[in-house]
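Heads up: the structure comes next, in structure tokens.
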């Protein structure tokens, strides 16, 4: 109700602040009998971790996860899974200068007016650091979905600032710090180096995909699968736009083109992005998100202080000049959490997903 | 849980099928003491009603709403408001030919696989007709928000198929069947006439706006105001994309441009679309949505039947060749429902919204 | 959130007032494929209906239910089931005298202070008339549970005022207006006749039972099956106490007696009432509830009016001198709704209930 | 949904097992601006703590709480409050002998059948140890309610096994290990000593009270205040019965006696226990609960093992021979959590509680 729990059956309740003692989450509703160790979770945390290239924040956080409950002898028991990550590399003094003023485009202003108090250290609760527990929970969902249905999740960058990134192959994604699906990222490196020198920041576009999707996930009328995907993605820090399938391009399409025709061999196209009427078709889920430029930048900005007086803000501290660079594993996790929750919701009402459906889905990767 | 209730405190539970006896909803959590009559609701229902121009479905539905409960002597009592709309103009025989096959791009296929049964008449539960109760509930939310905060909602079409519609003035919107913010809609009329003759359909882009917004609405971490706006909009039939503020254009913006600077006189811009860190700033909410072309079209499409065999589908019946044309009042209603729910959620945790905040918001209309 | 929805997956959203146009509910989350007609529901509504003996209110309400949605060709589709019952026999003028004063023990006082407005006609929203939609929804749950697991529900009166009613046999229950498990109810008839002449009212104790229970329903830590049973029962109008199994008698039991020992042939006793650790054991659910005497009575009572001034209240209108008499079918319905919701919750997390468990449960009827 | 979260707006998500690394909870929805330190919480944890007298389990747990988030500079910020309590005195080997068999009356059997796996150490998730985080969360609720409304909570033992305890004064409660409202507890000491020697256990009855209650808390129709109190209390380990106000005694009362008459000076009695129509009247909340005897006892019991074969169970380990002895602070906490959640729910829909109501409530302490 107060917005810190994700999901309805497979729920993730997130807590923590950027510079508090710890962050973490409680996963409730995980099916019993899933083999699970901290290493299963650590892999995705490491992909999201700061300090891994010169293009992201230099904060050094090992982000070691501890499983506090819900697992006995290496297997989930069906009881809540408590996950804890200690904060270790806080430099709270960096934030003294912004405690009394508001960074343009940052949550500072809104938090102050909402709560009357705020923890200014590292953005407090509004920090992208709080995506770490989400990633941890997503790793649990991913594991169950892969074992149960063979569903898998991946994400890549398709635009950096004004640079479009032409898709080459998924195999390149793990081999560069941008999660870019291209072999050569020199242009991206140069772009970021110039940006950092300018004390500025830029946005990014990320593509997120689920393959091996079960058919029939999603609830009418309101909790459609695409509605919940949009909720999840728009809730990721800095996201300003979400598309499913053909997205905004579908406005200019004709119905004779957009509607994915079907043959006994499968769908002929995937303009729907794997969802019609709010329910999964078994085709790949295709999602694209727009991430705005970071608001914490070194360049001076016109602003006001908490008394409404004019001031100039320069954000020191250690920030990502493009938060989109580390967004891929987070977006994957969010998509996995949505699919996981809908898989359990479907099972509640309709029983196990029908696995015997006709050989329809044939979407290209 | 099963997806037919919108909201968490101001909840709308929707029921009905396109060709069943009735559709309607139950609004729970409405504050007591709000003057309310059926006429307050009917106004928005009439704006959404089919059969009002040659460019929309010719189904004739008066959509008369009956208030069944929750109002005593013209005032809400705080108990659930039951709203009922009888269906009167069903022609179910039109659907006999599609009961055994799937329209490309339509919910048919997914419903069939999810539930094992489906009501094929008029799309059953997946029909856009089910947006009528949403509009009715939105009218109640709009009334309370206007009285309480002066918040108001409006929407207009900004693109029809491949035709961009340059914004002239909000005052034009009620005077043409397209909800277009332009004085002359001849081009749009011609476009639709040609499309209808071709037996095809097209998409649209809709802009939705809330003015007079309270500051501080929205919950971190997951139930951000923008996350819930995205959820609401993507859940509207046929929507494939959602943007807040600068949206996808923010990818190519620099941080020095995107972050809305502040002065004692107010914000200098509204790239944020009225939301930072998931919380309202008091600036206007600015939302844009992409609506795909209707999947029910007269042109023949390749498809399969329920046995997986090849077939050709032609959809007769009465359909909107562009569902985006009637989307404006629905999108307004959804935005109003999101803001309403967040207003009550805010009040639950933080008490009444602070009305004494500095004269910051100064966004242009 | 505002208290008019029961359940979490199989949800029942109730609306209406005693003297408004209609009452009803929306059932969401019902599994698809269940054969369902109005007659399935009407049977239980008729058991609860007023005006069927001289010992209950003489209001004549046929309570005819109309299914508005969610059923197609006699089978549930998985979409919301809208149920409507028109009010037909309101005599609102009976309530003019109590609109400005508070009946001792009645909800009048609390509603007035909570909402600032109230519908005084027949108790408005607080009327026991609003249990009719609950009974209707319960009938749907009962049908599914019987078909799926063989689970069945029944209730009987075990005490009327100060008269204990010794259990003889369940077969007597349908054959007398008290739902008493005895062949001869003359003593109960005489008791009620004397009470009615005295212008007074009395309480009752009701036993509720579920047989054929699946093993494993109930969630730790908070949403235990017994916790939700207690919630459901205490929420029934006029209930002041709830017991499970040995109930208050368990305080004086020793652990060596209370804990139900087990043998390969089954449990040796059922002090637990079918629930340990909040989870069903497969033994019969055994619940007992205390119902207070009706607060709407003809005898004059000392009270105050809405201005706080002293007054005397006499309640005319048509009331049950013992609301416990009609409570049996309502209590059954509530227990069925709890079990139904937990059956679906269990399935969400754990998959289908294990039907292959050892031949443990052997509780006596 | 999976039963480990309490409340709807002020939510407490509990995690942990008796012998895992840690237990704790996440409180979401706490109003900002509440002064809060670990010491505020520790006081109630110490009252619940094991090992404080010879009549309770000898497990030595300091139960030191660590606040992980949600508090900045000693004040709540409105973000989730993470609370952590490390387990320190586990003796898991004590449980080896019961890992393969079921204690009569214990959750063992049901957990095994529900999940297919279970953590047998100390009862795992079903242990009363998991009430510690509930008590911690309750302390936060208590503090806010006291500051906001002057509402306070207390509980005492009114029966131990078959011994009734005549109420003398609340002031005695903190001065004996039984939370008994009497000056001399020698009889209770002797009773427990004999019981312990016999290797047996007994039940208890606990009275719980809230004073200084706001008027108007509670939601019709289902989430009545008394329904949620019953839910909370019946969910406490070992509780088998709940009464509000006159409870089961109300069955034999007449309406002319039960209904609490009102005068300008206040209510004349409190048979209602402070709640009518599911909504608080401002009188004291009066609740009574029945606690069954502990199922983990030294005396041998007939049972079965996981293969369904006959066996005999003796429970070693360290157990409370009467779990009711430590129940008072837990029951207080649960009542506080219910009132807290309803206070925020009320505020959401109706705005701040009306503090200007007539001088009605005058219930005796």
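For all residues, glycine too, the Cβ spot is worked out from N, Cα and C.
Listed in TrEMBL for this protein:
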BINDING   B:48, B:54  NADP(+) binding site
BINDING   B:125, B:126, B:127, B:237, B:238, B:277, B:292, B:293, B:294, B:295, B:296, B:318  FMN binding site
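Where TrEMBL records a feature, it is marked here on the structure.
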residue: B:48; record: NADP(+) binding site; CB count, 10 Å: 24
residue: B:54; record: NADP(+) binding site; CB count, 10 Å: 11
residue: B:125; record: FMN binding site; CB count, 10 Å: 30
residue: B:127; record: FMN binding site; CB count, 10 Å: 21
residue: B:238; record: FMN binding site; CB count, 10 Å: 24
residue: B:292; record: FMN binding site; CB count, 10 Å: 30
residue: B:294; record: FMN binding site; CB count, 10 Å: 27
residue: B:296; record: FMN binding site; CB count, 10 Å: 26
Using C-alpha positions only, work out which of the binding-site residues B:125, B:127, B:292, B:296 is nearest to residue B:48 (NADP(+) binding site).
B:127
To the nearest whole angstrom, what is the C-alpha distance linking residue B:127 (FMN binding site) and residue B:54 (NADP(+) binding site)?
20
Chain C contacts among the binding-site residues B:48, B:125, B:127, B:238, B:292, B:296 (Cβ under 8 Å):
B:125
Largest pairwise Cα distance, Å, within the listed FMN binders B:125, B:126, B:127, B:237, B:238, B:277, B:292, B:293, B:294, B:295, B:296, B:318?
44
Rounded to the nearest Å - Cα separation of residue B:292 (FMN binding site) and residue B:54 (NADP(+) binding site):
20
Distance from residue B:54 (NADP(+) binding site) back to residue B:296 (FMN binding site), taken between C-alpha atoms, in Å:
17
How many Å separate the Cα atoms of residue B:125 (FMN binding site) and residue B:54 (NADP(+) binding site)?
25
Between residue B:238 (FMN binding site) and residue B:54 (NADP(+) binding site), what C-alpha distance do you get in Å?
21
Structural state of residue B:294 (FMN binding site), classified by DSSP into three states:
coil
Looking only at C-alpha atoms, tell me how far residue B:54 (NADP(+) binding site) is from residue B:294 (FMN binding site), rounded to the nearest Å.
16
